[in-house]
């Protein structure tokens, strides 16, 4: 299996153990963007701890974090004892310090502004005139602050932070931003250097500190008559900042009310950075975001608007949950990020109710269930013995499963009970750092419900339960309607090498919908199984799909649900579709392929809700991809059965004026057209009127001076169609020119790059991948790494036979590692995308072997999950391939 783990092997690396606390950092930093260098004078203020020194500590020594690339020029108030492993520096304090309760150390040092997107790093981009510009930004989470200054680089190590930044006369026009407001600006009469001095920010951990320097402009508003809120962009991009500003203004106001606590800082800036390693970072008072947050609502899809709103609400909510109340150590990552992800969806749902943002939250729950089903999962709360390993758990388990568990908690407590408990927690622990059990204790105190027992069973172990329902139907002499038995076991994929055991149990807050009145019961499933009296017919387990568990039904109960399927709320229909396919993939399979076909028939005949159809289409495409290996006819029949109705309806949607559509209708339209185009491409029908419509739409967008998309919700679909079906040379040239023209519009550039990677010119596609990894292009930027790999891995000519994409990745492993290997989400997405192109058990063995010899520590779990996914596809194809083909032929 792939190497790597979640825990460090050096127990002495856990936390710094000093007899002194750092209570303030004061930095004076001179920055030279022309040479990519900086020099700093840092004053570190210490206070003797009130308690007696712990074992292993001494009053005459102090250990801080500090990267060895920081070259020390001088030290006052201490002596450098050693600079050892793990980015640590050990100081010896003079005798005078031992007679004082407070002491200061002053360190002068210099450093290089990094090429990597960590610590204090460099950014280059082209301005509207084509001139190359320089910029510098910070990204410190989790352990990047030590690359910029000497500190206790731990999440609970709060201290006051102040900074003054000096720029040479040539850069006096630059904007400088940090956590606090700009206090004053002064100019040195002799050198002409400009000094930007910022107000001190109290009680902030180093990973939330920030510094951004660039030629920026801003748009602003005032929230609640007291909080200046600005969004900064590089020049020429302000017209696309208004949407994000409105989202930020709403969320800042809303979350003050939700948490019942005022925003604690004097200002809030949001800064979009041309190169940023993740979607956003909640630096206190100075949030950094990717530039794809800059959109024009008139030319952006509903999906793009929802993504921006979710992200902005996520980051703004951190000002309370994560910043005002922080985490004690990195095992709490899941809680702050899972909660903020829930806030992202919930905030958007309040701001724009007709967008149905909580449907997207449930989509993320379903994705998390799939990832968590792998043996390569991990508990959301992971013991971390070395923070350098934390990037391994910056993954979909910590974020998506974390959000899913928070959503289940909100459902378990009810919204008001959940909110009231959170308010007490924020007030009780503001400017402090907590562990998860302290939150559970508060929520239990307020709600009077067994929060600790339920939630710890979902956070302390990997995986999740599969709850099965079976019934006795005989009516007794006393008129009883029989009983229903609910049993739990760990959900596992069919190809899993480890069968679930009796020890895998959860305290499941089970909910069930019964009978025609659709009453919902709460049932505590704490043991392996529980039997309850039957109340009418069982309609649906886990209504609304807010619980983090899968559901399976006996044959009788499955038929009962299917009989009333079209009468269920759409959320229940959606959950039933997802669970049915999941149980077909499970070990052992509790849903037969005939169940799957019956459900496909039911959904395609009656369903119009896009959330339900989206789950069906995703699952059908997955099955078609699996069974195409042994029978292309099986894949074709499956796609025809599921997508035929979309093709039938698509032409009607192309004729309706876009401006007249509701958000739900816009989703229905884009979904229907997108699926119909996929079916036609699979058929090879290039002359279809719908294909011709798509090519014409793409030509209009790609034309010189064509401007933004007139049909943004289907832009990706029509561009992919043009890439695959259109005349190759003309299409490639037009796409290249358009990409150059829109390179400053990151949101559109991401869509166009995805389509470019679907071109049948595989040599050109490989060139795109290589350029992206090189990190030298201002058009195909390195931050698009996951986008181009996802596109290339969906290109049939790059993946057929399981060869070219995997061979390319192996040949370019060094370049991939250099550009993305030390990052977080991008390298994980790249590894899993490449793994998705492979199909056989032999491929899985080769995949494993390669990563044993070429480890990617920050994607170690992704390697394991990807290999397991390859084995799952091979297993299903081998076990069910002939059966599926026979069943489809019979239905046909």
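Just so you know, glycine gets a Cβ as well, placed from its N, Cα and C.
What TrEMBL says about a protein is an automatic prediction, not a curated fact.
It should be emphasised that the depicted structure is a prediction, and the values quoted were computed from it without experimental measurement.
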Per TrEMBL, 314, 318 bind Zn(2+); matching candidate in 291, 337: 337
Nonlocal neighbours by CB distance (under 8 Å) for residue 314 (Zn(2+) binding site), same chain, sequence gap 6 or more: 280, 340, 341, 343, 344
Close in space, distant in sequence - residue 318 (Zn(2+) binding site), Cβ under 8 Å, 6 or more apart: 282, 336, 340
Residues flanking the Zn(2+) site, with Cβ no more than 8 Å from the Cβ centroid of 314, 318, 337 and excluding those residues themselves: 280, 282, 315, 317, 321, 322, 336, 339, 340, 341, 343, 344
C-alpha spacing of residue 399 (site 'Transition state stabilizer') relative to residue 315 (active site, proton acceptor), in angstrom: 13
Residues near residue 337 (Zn(2+) binding site) in space but at least six apart in sequence (CB under 8 A): 322, 398, 399, 402, 403
